[in-house]
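According to TrEMBL:
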type    : residues           : note
DOMAIN  : 6-97               : domain 'Aspartate carbamoyltransferase regulatory subunit N-terminal'
DOMAIN  : 103-145            : domain 'Aspartate carbamoyltransferase regulatory subunit C-terminal'
BINDING : 109, 114, 135, 138 : Zn(2+) binding site
Ligand code: CTP
Ligand code: ZN
């Protein structure tokens, strides 16, 4: 896309999450715990035409880098996403997300009887499958609603 066509300004520093499937940007923001009340400067573009993806979303979060746990969960809803780290307007690092085999301690099991939701020192653990993520302890399957179960 040429500069004339840029829909959202470039950022000076922060993280650009690019190649998010069209319509998933708000889920990415939920994963990052961003609802606007924290005062972060965030730009979002949704359903931007993309040669590779048809339509894609882009999320730009200024002055923030993402944790590996956050990137792991983003990979579950945006398997093709690229995480671009920007400093002084340059992309200094670009990484494709990698779907992890499991996610530990990030998601909360919705099953009230699951051992991970009792007052036990047991961290949540979900196995990553193609159809979603499954609780290792009680087999509960989370599908598209993964973002609603961030711990
Ligand atoms: N970007 C930004 N601010 C900057 C630099 C880049 O918002 N100062 C954004 C770009 O708009 C783009 C993403 O970060 O959405 C990646 O930038 P870049 O690597 O320059 O773009 P491409 O080469 O098109 O990326 P890719 O090859 O990953 O598609
Ligand atoms: Zn469980």
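Each Cβ is built from the backbone N, Cα and C atoms, and glycine gets one as well.
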Residues of the domain 'Aspartate carbamoyltransferase regulatory subunit N-terminal' (6-97) by DSSP state, where helix covers H, G and I: 17 helix, 39 strand, 36 coil
Cβ-centroid neighbours of Zn(2+) site 109, 114, 135, 138, 8 Å, sequence order: 110, 111, 115, 116, 117, 124, 136, 137, 139, 140
Local Cβ density at residue 135 (Zn(2+) binding site) - other Cβ atoms counted within 10 Å: 23
Binding-site residues compared (109, 114) - highest count of Cβ atoms within 10 Å: 109
